[in-house]
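Colleague: Before I ask anything, here is the structure I am working with.
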Amino acid sequence: MGIKAALPKYEIYSYYVMLCLAVFWATSWIFEVSNSNINRKAFKTSVKPSYFGRKMDTSDFEWMMWFSTFRAHILFALSGHVLFAKICSMLAPQYRSLVYMVYGVLAVWTSMGWTYVTLILSHCILLYSISLVKIRWLCFVTGLCTLATFKCEPFLSWEAGFVQGDFELRHVLFYGGCGFTIMRCMSFALENCEKKDGNYNILELLKYNFYLPFFYFGPIMTFDKFYVQVNRSDLTRKDGELWNISLHGLIHLGVVIVVDVLFHFMYILTIPTDMKLLKHLSDWALVGLAYFNLVYDWVKAAVMFGVITTVAKLDHMDPPKPPKCITMLYMFAETHFDRGIHEWLCKYVYDYLGGKHENVLEELVATLCTYGITILWLGPCEVVLFWAFFNCFGLNFELWTTKFFSMEPFVSLEMAMSEATSRRIRAVFNTFNFWCIVLYNTVALNSLDFSKLVAKRLLLKGGLSNFSHFFLKSLLIFNFFSGFPITTILVMFVTYCLVQVIKERERKQALIDDPDPLPPAPPLNAAAAPPASATTTPAAQPAAEPNKEKAE
């Protein structure tokens, strides 16, 4: 059945209403828990005094680094890049890529020291030398071995000694700069293997690697795209392009303010660290915490990459898009939190080994290699291994399920039912898939214990809340919806509503991207036939406007 299967409007509206009620309900629980446990021991280390006369959740180091502690330093470096890039674009646009490289080298030298620049250059020269051989597997092996030196001793300690000074951002910038450098160098080497005539110049690799907006924190843009965009001669902008860039910048600023305000009222990052408190929470509070943690991680990635990509767009670049929102995901094949890494892995590993992703064995090999490289990129540890195993299994299980249901008698059964019924049945399966994605990814974002507790409450048995008095005063009937299996059924139904809303959005987008074809034009000799208006009944007249129903 096609993606364009429609449901009645009243059904879609009822799904929206259920989602709004569920979000309000879960948010109320978390707000009550945050305010009732402000003096707990776990809260004292990460919840600190801030604005509004309230305390703020400061447990996320990345967020605080970007938008609080080192906000001025990051803005200063990026503003300098924008200023020099604009001057160069006006005076000597043909040399703008060279100016990007020079400014990037000077910024890295100033922040990390000349020995760190030497270390980065040594890795660039090594992988450039290997790329001249034009053997794809050798470039991969060299790049992965180089990446492994930043993840294991004694190589890690030896290379970390190249960083001068002792400041708080030292380790973050060291790992970020080195890790992204290796991935960029591997992209350059693999693209050079595909180049039939000669080789790329090493200067192109240095321009690619030392582009400051992408250097420390990404996202990764593959070399083939960067090379085309940075050497573009036409720097004219489309009508309204600069306005759109400014609007996106303001939106990111607004999101930062909203998240900062919410951190003063909802401690969604600190609560999952207190297992004693979690055991006394209601099922709805646990489910809301798991979901909101994933949504926050997407918001953080979208805003951080959004700031960087805004600067890149000012340089006439087309950087990777922000990650797809977790709320819009119900398939493992579309799950990612960094679109740059996602596109890099798909191009050089997953799609290269998996082909059309129809063969079960090829898909298994492709996913194992993809997640193997991801484990090395993130750093091998127990949490990362669990996360990679579950997501790798989920991705393959989707293909196995698709293959199974593409056989008889399932195909005949689906063809015999209406498109709306088929969509509802598929949404039921997608509902369970959605919560597999949530539970598997909370392992990496929070902890294994938190994921086990959420799964136990959701699938095996429920728990009663010590904070039910808050709702007894206002929503007495909701106290009934607590514990297994009532909570499980309700959570799955709400998720089913969410999946249907996502499918409705995809249906409308599919109609825009690929509209239904118009009926064939009447033959040329139709003029000799009797006038159609004389024989057409009023009921048949709407058929002359095939796009009207779809537009409605």
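The backbone N, Cα and C atoms fix where each Cβ goes, glycine too.
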Colleague: Checking feature assignment: transmembrane segment per TrEMBL, candidates 97-119, 120-142. Which range matches?
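Modeller: Checked against TrEMBL: transmembrane segment maps to 97-119.
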Colleague: If I count Cβ-Cβ pairs under 8 A between the transmembrane segment (171-190) and each of 210-228, 384-406, 427-448, which range comes out on top?
Modeller: 210-228
Colleague: So, do the transmembrane segment (289-312) and the transmembrane segment (97-119) meet, by the test of 3 or more Cβ pairs under 8 Å (sequence gap 6 or more)?
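Modeller: Per Cβ check, the transmembrane segment (289-312) does not touch the transmembrane segment (97-119).
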Colleague: Please determine whether the transmembrane segment (210-228) and the transmembrane segment (63-85) are in contact (criterion: at least three Cβ-Cβ distances under 8 Å, sequence separation 6 or more).
Modeller: yes
Colleague: Same-chain Cβ contacts of the transmembrane segment (97-119) under 8 Å, 6 or more residues past its ends?
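Modeller: Tertiary neighbours of the transmembrane segment (97-119) are 77, 80-81, 84-85, 88, 159, 162-165, 170, 173-174, 177-178, 206-207, 210-212, 215, 230-231, 315.
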Colleague: Counting only residues 6+ away from its ends, which parts of the chain sit with a Cβ under 8 Å from the transmembrane segment (12-31)?
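Modeller: For the transmembrane segment (12-31), the list is 265-266, 268, 271, 281-282, 284-285, 287-289, 291-292, 465, 467, 470-471, 478, 493-494, 497-498, 500-501, 504.
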